[in-house]
Amino acid sequence: MGPAGCAFTLLLLLGISVCGQPVYSSRVVGGQDAAAGRWPWQVSLHFDHNFICGGSLVSERLILTAAHCIQPTWTTFSYTVWLGSITVGDSRKRVKYYVSKIVIHPKYQDTTADVALLKLSSQVTFTSAILPICLPSVTKQLAIPPFCWVTGWGKVKESSDRDYHSALQEAEVPIIDRQACEQLYNPIGIFLPALEPVIKEDKICAGDTQNMKDSCKGDSGGPLSCHIDGVWIQTGVVSWGLECGKSLPGVYTNVIYYQKWINATISRANNLDFSDFLFPIVLLSLALLRPSCAFGPNTIHRVGTVAEAVACIQGWEENAWRFSPRGR
C-alpha cells in the first residue's frame, strides 16, 4: 500500500470525512476514458441488471440521481446500483447493492425538480474505489469555478448506434452563466419578458460546444463535479439538453438549489423505516416465486428474459431525450 492508500486508511480509522477526496488523481483529457479511482462516487443504475442511468454516492446509503431516470410504477427491488467499477458489465470489480427505497422530489415535473435519492438495502463500505462526493453547504456561499467535470457512460456521439459507452467517460466543461444560457435556449424571451423562462434558478448550464464536450443520452443522473477548496463537490445532476455538444450547452439540476431537501431526505434515510424491514421479505418472496409472476397492473412482466423491461425503459429514455428538453 502506497502513501496515499495509507493516508486514506488512516482517515477512515479516525472517522474523518473522506468525501470528495479520491485516492488517485491522474487525469485523462475530457471526452475520453476516465482513469480508475478518479471518480469513486460515480455509480451506474440498473434495472434488472441492464444499465439505464448514472448517479453519485453521497453518503453511506444514499445515491443522488435524476428523477426522470425513475418510474414510480416499477418495482423498487428491480433496481440495483453498481459501485467501484468504471466499466459497465465488469462484474469482477463492481459491488452491487439493491435499492430499497426511492424518494423523488415532490415537485418533479418534466424538467423541474429533476432530482431523486435512492436508499440502498445496506450501508456501503468505503474503499479507494468507492467514496462519496461532497455536497454543498446550505450555510456557506459556494463559488462555482469556471470549469467542472461531467462523467458518465452515455453516448460519445449523438449519432452513435449504442445507447451507452462501456467505459466511463469524463469531460471538463465550462460553466455557462444562467442568463446567457437562457438567451441561447429562449432567444425570443428578451422581447417577451412575460414569457416563462426556460433556464430557471434550479438549473445550471455547462458545456463546450466548440470542442464538442457535453453530456449526452445515457449520462442522465450523473454528477457535475467541481473541485473547490481542495475537495470535489457535486453542483449538478445531468438532466437535459439539445443536440449533444453541438450548438447548446447541457442543462443540469442545480444541487445547491435543492440542498435543503437533499439534506432532509438523507437525515430521514439514516433512521430505520418500513423499507428496511420490508426489503428482506420481498427478496425472499421473489426467490420463491416463478419469474413470470405479476406484481400488479402496472408491472412489466418478465417471461424468462428482461427484453420487455429493457425495451420499455430504453423507449422512455429515448422519448425523453428527443423531447425539446433533453432527458439523457
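Note: Cβ is positioned from N, Cα and C throughout, glycine not excepted.
The annotation signal peptide is assigned in Swiss-Prot to 1-20 on the grounds of sequence analysis.
The domain 'Peptidase S1' feature in Swiss-Prot is assigned to 28-267.
For Cys53-Cys69 (among others), the entry in Swiss-Prot reads disulfide bond. DSSP assigns Cys53 (disulfide bond) to a strand in the three-state reduction.
In the three-state DSSP scheme, His68 (active site, charge relay system) falls into the helix class. The Cβ of His68 (active site, charge relay system) has 27 neighbouring Cβ atoms from other residues within 10 Å, across all protein chains displayed. Annotated active site, charge relay system per Swiss-Prot: His68 (among others), in sequence order, evidence recorded as similarity to another entry.
The secondary structure of Asp114 (active site, charge relay system), as reduced to three states from DSSP, is coil rather than helix or strand. Note: Asp114 (active site, charge relay system) has non-local neighbours Ala66, Ala67, His68, His105, Tyr108, Val237, Ser239, Trp240, Thr253, i.e. same-chain residues 6+ apart with C-beta under 8 A of its own C-beta. Taken from Swiss-Prot, the feature active site, charge relay system applies to Asp114 (among others), supported by similarity to another entry.
What Swiss-Prot records for Cys148-Cys226 (among others) is disulfide bond. According to its DSSP assignment, Cys226 (disulfide bond) is in a strand. Every protein chain considered, the tally of other Cβ atoms within 10 Å of the Cβ of Cys226 (disulfide bond) stands at 27.
Around Cys205 (disulfide bond), the same-chain residues at least 6 positions away in sequence with a Cβ under 8 Å from its Cβ are Ile175, Ile176, Asp177, Arg178, Ala180, Cys181, Leu184, Ile199, Pro249, Gly250, Val251, Tyr252. Marked as disulfide bond by Swiss-Prot: Cys181-Cys205 (among others).
The disulfide bond feature in Swiss-Prot is assigned to Cys216-Cys244 (among others); the stated evidence is sequence analysis. Note on Cys216 (disulfide bond): other Cβ atoms within 10 Å of its Cβ, all shown chains, come to 27.
Secondary structure from DSSP puts Ser220 (active site, charge relay system) in coil. What Swiss-Prot records for Ser220 (among others) is active site, charge relay system, and it gives similarity to another entry as the kind of evidence.
Per Swiss-Prot, N-linked glycosylation site is recorded for Asn263, and the stated evidence type is sequence analysis. Less than 8 angstroms from the CB of Asn263 (N-linked glycosylation site) sit Leu135, Val138, each of them six or more residues away in the same chain.
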### Message
Is it possible to get the count of other C-beta atoms within 10 angstroms of the C-beta of Ser220 (active site, charge relay system)?
### Response
30
### Task
Take the C-alpha atoms of Cys148 (disulfide bond) and Ser220 (active site, charge relay system) and report the distance between them in angstrom, rounded.
17
## Note on the structure
Sequence-ordered, the recorded positions among Ser220, Cys226, Cys244 whose CA is within 10 A of the CA of Cys53 (disulfide bond) come to Ser220
### Task
Have a look around Cys244 (disulfide bond) and count the other CB atoms within 10 A of its CB, chains all included.
26
